[in-house]
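Visitor: Here you go, one structure.
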């Protein structure tokens, strides 16, 4: 049985040019597992703490040398000699060493990087693909599926410097037969969308997640442009391709009002729920993420009651990959899906627990990147290894996004006939 003989942390850059944490876990047989922690822009208030230095003389205060020092010091000392395959023991030990509710002492970025690096080392040690090792850790050995990609092809909100309030407009190739076919469909739509925007005299620069970020008259205008691109690509909207939104509503919620500054409109919770309901009636939108503010549970209940039978309502800032919060949401009938982000909770073990709790309650689980990413493609293996069925990892450009899609293509090839792609069956309604 291999043992951990060294752990190394370092400061690297993410896709926004901000520092993040990378960790190496070295085993006594020479195997090395490496992983990076991602970082978000629109974040939930109850996420685990991303430890940054606050030293304005380095990286505008965003350095992560404190987190790196925690890896190279106390975390390393704690885990030396441990079995890398006992993921739960490693993660629990780090959580106990931290001793805070939100990992504020060691930093969720430090704990997560080591947690994922250990999983990668353990997978290599057992001569397993990472997705297979994750399935074993999840208690579902050999149960895999290829996720439906939710491809963010127009960026707004905190992910772009434009006037569009809703943060993400996504296409889902639900009519594809395989993941690779779905990826091709999304890519073709992406290129046609560029032509549609150019023909309208609009900017085709991209946002943080690789989607186009033009100024548009309204959120409905963005959906209309995508609908035109789908048609020009030769696909049928609502059958071959469906739509999804990430409102990130907490970013435009203030004093009990949802303020769409790009449209000059303001709503109370019921009014905004009706606004979203109207969009789902005019377009084949089958998933809405963070449709209401994370603290507006009454509003979430209104939205769930209005459209929850037909539309996947995903809690991101709402649930922050946290089983305590998710449990409360399930009990109160809030939403019907959870977004899964490693760094919101800070360890692989806790991430798997959130997925398991969601599935047991009949909620869907959507595996997700962050807007600040690296070349690390672990979420691709997580999606397949947990058979989550859905993945959000951005648009069809920027290597920090495409690296995840390319890993999924490799996994699909490895699985061969076992590479199940369920398409529309992964969604509600």
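Just so it is clear, glycine is given a Cβ too, placed from its N, Cα and C backbone atoms.
As listed in Swiss-Prot for this protein:
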type     : residues                : note
BINDING  : 167, 341, 370, 371, 392 : (2R)-2-phosphoglycerate binding site
ACT_SITE : 209                     : active site, proton donor
BINDING  : 246, 289, 316           : Mg(2+) binding site
ACT_SITE : 341                     : active site, proton acceptor
Visitor: Whose Cβ lies within 8 Å of the mean position of the Cβ atoms of 246, 289, 316, the Mg(2+) site, other than those residues?
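Guide: Near the Mg(2+) site, the remaining chain residues are 167, 168, 245, 247, 248, 288, 290, 314, 317, 339, 368, 392.
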Visitor: Using other CB atoms within 10 angstroms as the count, which residue among the binding-site residues 341, 392 scores least?
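Guide: Among the binding-site residues 341, 392, the lowest count of other Cβ atoms within 10 Å belongs to 341.
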Visitor: Report the nearest neighbour of residue 209 (active site, proton donor) in space among the binding-site residues 289, 371, 392, comparing Cα positions.
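Guide: Minimum Cα distance from residue 209 (active site, proton donor) across 289, 371, 392 lands on 371.
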Visitor: Which chain-mates of residue 316 (Mg(2+) binding site) that are at least 6 residues away have a CB under 8 A from its CB, listed by sequence?
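Guide: In sequence order, the residues whose Cβ lies under 8 Å from that of residue 316 (Mg(2+) binding site) (at least 6 apart) are 44, 246, 248, 289, 290, 339, 341, 368.
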Visitor: Cβ neighbours within 10 Å, counted over all protein chains: which one of the binding-site residues 167, 371 has the most?
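Guide: The most densely surrounded of these binding-site residues is 167.
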Visitor: Highest Cβ count within 10 Å among the recorded positions 209, 246, 289: which residue is it?
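Guide: Ranked by Cβ atoms within 10 Å, first place goes to 209.
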Visitor: Could you tally the C-beta atoms, other than its own, that fall within 10 angstroms of the C-beta of residue 370 ((2R)-2-phosphoglycerate binding site)?
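Guide: By my count, 29.
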Visitor: Rounded to a whole number, what is the top Cα to Cα distance in Å among the residues the record ties to (2R)-2-phosphoglycerate, namely 167, 341, 370, 371, 392?
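Guide: Largest Cα to Cα distance for the (2R)-2-phosphoglycerate-binding set is 17 Å.
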